[in-house]
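K.L.:
The structure that follows is given in the form of structure tokens.
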């Protein structure tokens, strides 16, 4: 009996996977909807009755689940970088010529892959032994949220690829223009564009709801593969074989007239832009040969072997209804134009930043004027010019703060409120503190913070940890369940890493990259930084010794750690048990041979996957470089090394094996 049930389940599963491929990949279905639905319902019934036979690659997972997702934050195995950008064809042509020259000098025949840049939500798919193991959002490039339960519901995401291989893939999840307009019309809270709607659907906590939305995906890049793949177009052939959906407008270019042919392709895609059923905002070019990519390497921001050509922003005409003045957490004053609602590139626009008084004067703008509106980079609304002047004179920003009424000061082209008690500045600090990039207090939206602040329930970040949130129960929008969720989120925030707390303090010029520089130079705790800053002169010398920290940043760090208000906040959080030091796993070890050494890797290793080995070495204080340059301290060489070894030898860089490294330092402690 058991064997018969298991055999039927396996047979149904194989049949449904075959039909899925015929329908979604080959576009040639061999069975009708009734047959398909009947088989899927039978499989679902059997798996529910015999759960011991259910597997992670079952097609029934496409139905979703009623279990609530918690979207845990997970570290990416590889940094998820941005792309270099070009905004005109001359810039793009220069990049193509540069890649061709570098490829030729290294003995490569240049080939370039091109494809439309989808304006959706980036996702990273991890396959282990051929089965989808996790699906991470891009997040901050280092950490993303695992939304696998929701991604499993997307029909064009294979749950199993039929071979026991490991893959890490990048893709773009999207919703078509037609579906966006149809769905958005039915929602209580509508979305500004298709990308935001896609993101909202992807983050729904109940995957049974997600299955009802027509999300789709294009896979466009391989970050890691256990297969031997040498080129992008070979990789795409393999991905198509596995059942992944690839953009049909992808094209490969090589040979004579390379630059001219690519520019013609880009212009053709841009001309057809409005005919695409989904939003696109440019074209992405990638060097086709993976070995050449390996040599070209990366910056901290983007791969050198790829570039995105951004289309010129679409424009529309609207009328300025009003101009309001906003105050940021730094006190910066920003004028904003409220305009009559207009649709641009799939998004409804109702406001646009005017930057400063100089910008307003340069375009001669005032209330009632008719203006041309764009979305720069298809993201940021901008007033480009006055089409019809219906007012007299230009709008003038008041010389006092709209929040606290104190006089403003001018720094460069911008006006600032320097009153530390300014309500809007304080509220901006609280919003920043709670934001996802900082303490990530789920449930404390900007609207909720504004309500709590305006009701005098909170007046600083500290109040979030002293206020009795039970007082909110019974108020409009605050039931017992929501209040408990808020309390739980606030409590969980106490466990954030020290670097997040340091970022959340909003210290001028102290962004995450500077914080990581401090941590990697033994300034990895509140006590270490505050102790150093007690001696201003010594602190300045020490900070300026850190590559990447200049005088302005150093002075702002010293000033902040001598500010009583900031120190009192740190001490308050310390008293609540917040982490005031980076966990040892993230901190460098000063005594290690590897501390401060810049290294690169080529070849493969039996003992560790490359990304694991890189992680182990960087935790000893070394700095990983993705490409070989004269600044490298050593190249770690494994089996079947690539062209990096030749380049390192030419530059006289020290060559080490894994055996050499392990003789010098214990990687596993």
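Here the Cβ of each residue, glycine as well, is placed from N, Cα and C on the backbone.
It should be emphasised that the depicted structure is a prediction, and the values quoted were computed from it without experimental measurement.
What Swiss-Prot records for this protein is below:
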| type | residues | note |
| --- | --- | --- |
| ACT_SITE | 117 | active site, N6-AMP-lysine intermediate |
| BINDING | 33, 34, 35, 36, 37, 82, 83, 115, 138, 172, 286, 310 | NAD(+) binding site |
| BINDING | 401, 404, 417, 422 | Zn(2+) binding site |
| DOMAIN | 589-669 | domain 'BRCT' |
K.L.:
Using the CB centroid of 401, 404, 417, 422 as the Zn(2+) site centre, which other residues of the same chain sit with their CB within 8 A?
P.N.:
327, 331, 402, 403, 405, 406, 408, 419, 423, 424, 425
K.L.:
Going by C-alpha positions, which of the recorded positions (117, 401, 404, 417, 422) is nearest residue 138 (NAD(+) binding site)?
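P.N.:
Going through 117, 401, 404, 417, 422 one by one, the closest to residue 138 (NAD(+) binding site) is 117.
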K.L.:
As a test of the contact definition, list every same-chain residue at least 6 positions from residue 286 (NAD(+) binding site) whose Cβ is closer than 8 Å to its Cβ.
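P.N.:
Those within reach of residue 286 (NAD(+) binding site), by Cβ under 8 Å and sequence separation of 6 or more, are 112, 113, 114, 221, 232, 293, 305, 306.
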K.L.:
Just how many other Cβ atoms lie inside 10 Å of the Cβ on residue 83 (NAD(+) binding site)?
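P.N.:
Result for residue 83 (NAD(+) binding site): 18 neighbouring Cβ atoms inside 10 Å.
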K.L.:
Compared by Cα position, which of the recorded positions 35, 83, 117 is the closest one to residue 417 (Zn(2+) binding site)?
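P.N.:
For residue 417 (Zn(2+) binding site), the closest Cα among 35, 83, 117 is found at 83.
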K.L.:
What residues, ordered by sequence, lie under 8 A Cβ-to-Cβ from residue 401 (Zn(2+) binding site) and sit at least six positions away in the same chain?
P.N.:
327, 333, 407, 408, 417, 419, 422, 424
K.L.:
Taking every residue in the domain 'BRCT' (589-669), what is their average pLDDT?
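P.N.:
Over the domain 'BRCT' (589-669), the predicted model scores a mean pLDDT of 77.
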K.L.:
Tell me, if you would, which residue among 117, 138 (recorded positions) has the fewest other CB atoms within 10 Å in the structure shown?
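P.N.:
So among 117, 138, the recorded positions given, the one with the fewest Cβ atoms within 10 Å is 138.
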K.L.:
For the residue listed as 'active site, N6-AMP-lysine intermediate', which of the binding-site residues 35, 83, 404 has the nearest Cα in space?
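P.N.:
Sorting the binding-site residues by distance from the residue listed as 'active site, N6-AMP-lysine intermediate', the top entry is 83.
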K.L.:
Would you mind reading off the Cα separation of residue 35 (NAD(+) binding site) from residue 404 (Zn(2+) binding site), to the nearest angstrom?
P.N.:
68
